[in-house]
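Okay, structure first, notes after.
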Amino acid sequence: MQLSGILSWLLSWLWASQTTLDLQGLYGPSLSPNAEIVLASDANYTHVTTQRWTVHGAPHYLGAIIPVTEHDIQHIIKISREHAINFLVVGAGHGATVTFERFRHGIAIDLQQFKDVHLDVDAERLTVAGATVFSDIIDPLYSAQREIVTPSAPCVGVVGMTLGGGIGSLQGLHGLLLDSLESVRLVTPIGDLIEVSETQYPELFWGLRGAGSNFGVVTSATYRTHQATHGGLVTNVDIFAATEHASIWQALSAFDDTLPPELALTLAVAYNRTIDQPLVLVNAIYYGPEEQALELLSPFTSLTPIMSRSVTVPWNALLDTTFFGLAAQEGGACAKNQAVNIYSIGLNHTDVPAWESYMEQLLQFYRQNPTYDGRFLVQRYPTQGALSTLDSNTAYPHRQIKMHINLEGWYTDPYLEDPVNAFLKQSRRHFQQSSGFDNLAVYVNYAHGDEGPDVWYTAEKLENLTRL
């Protein structure tokens, strides 16, 4: 190492060490009595702070501050600005972008104490604090015969999902989750506490809905709720498809232009090394009668699946039911500290030959890498509700996406890092060629991090966002 490199490293180490030792002195005096400061070097750090869903591309904190009041957050931000200390806000910890890996020598503002839920049944409004997750609100909403757009996992943060868009199985009926957002309480990057809505700071409210993670700390958010569809009952259909993949993609393509607003499809593809074949599971959620669901799903059910199941459940039990109940088992989308490397892309239609050729590429990669446990997820959600809001009304730029593909690399072997990244980038390019869009389209909440702001927000909206 050259002398300049040694000096740079030494100065960085000294600065980081000094900041680590001084966190209590800097932030402690003005925090409320129950707020906590935890150093990353503390033995109990991982037990008392919110852990991430994936450790791949994780940030490197000096420590975390756990505020209890909005004033605490204001104080933390003002002190951080004064001393040029970087900070990241942690809600549910479900983000997966690798851009966080570049975060060093800063602090986490851990919002774990901000989980209040208030449902005003008469006003049909729901207010949640900044770290509330969907499992906190599902039962209260169901009991009141109300609903909002929900994701496929109960551990996702309500506010975090909203700020990036908020796709879900109900979006055909109610639009994106951000379309139901009415107002937020926000601590700005300079430490001011303001309320933001269509009538208060309307330009900022525009930006918050789709690019909200860039504008401060949302301490609470208020939503319009909707009358529960079909009396609060939902049909869940699971299909374990045969290994003839071409017919599966052909069945999926049958819904390219005809997916009803009440129907949402999710396909999960994994690899069975025993039989040396990728396996496909199909989940369908239908907000209506079971007989109608089965009729609509005939393109899949006519394929003579290995196994299938259809059940009608209360909507608050839906997430425990999908994929034969496998989604609710320990692990997967809600277990913490997993190693998951995700790339994503949005499509406008299903190009069957492109899917067939990709399955061959995927099979070859599995065979070449025996310790690779990758999978991919296809979310085909209806767009009628999302498209009912003018594109110009919010910063969210991808209402026209019909299908989101998550290419998920699950592995712990560090030697797989380069080949997995190369393969998943090539996979994304493969689907981009037949995506139906001129440019790469990626939902920001699913973004890997290498796509760039033009992809996350589009060039058309980036100018306004930059001005904000």
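Quick reminder: no glycine exception, Cβ is built from N, Cα and C everywhere.
For 1-16, the entry in Swiss-Prot reads signal peptide. Annotated N-linked glycosylation site per Swiss-Prot: Asn44, Asn272, Asn348, Asn464, in sequence order. What Swiss-Prot records for 54-228 is domain 'FAD-binding PCMH-type'.
Annotated features, which come from Swiss-Prot, shown on the structure.
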{"residue": "Asn44", "record": "N-linked glycosylation site", "contacts (Cβ under 8 Å, 6+ apart)": "Val38"}
{"residue": "Asn272", "record": "N-linked glycosylation site", "contacts (Cβ under 8 Å, 6+ apart)": "Pro278, Leu279"}
{"residue": "Asn348", "record": "N-linked glycosylation site", "contacts (Cβ under 8 Å, 6+ apart)": "Gln400, Ile401, Lys402, Met403, Ser435, Gly436, Phe437"}
{"residue": "Asn464", "record": "N-linked glycosylation site", "contacts (Cβ under 8 Å, 6+ apart)": "Glu203, Trp206, Gly207, Ala395"}
Next item on the list: Check the domain 'FAD-binding PCMH-type' (54-228) for me and report the mean pLDDT.
Entry: 97
Notebook entry, point to check: What three-state class does DSSP give Asn272 (N-linked glycosylation site)?
Noted result: strand
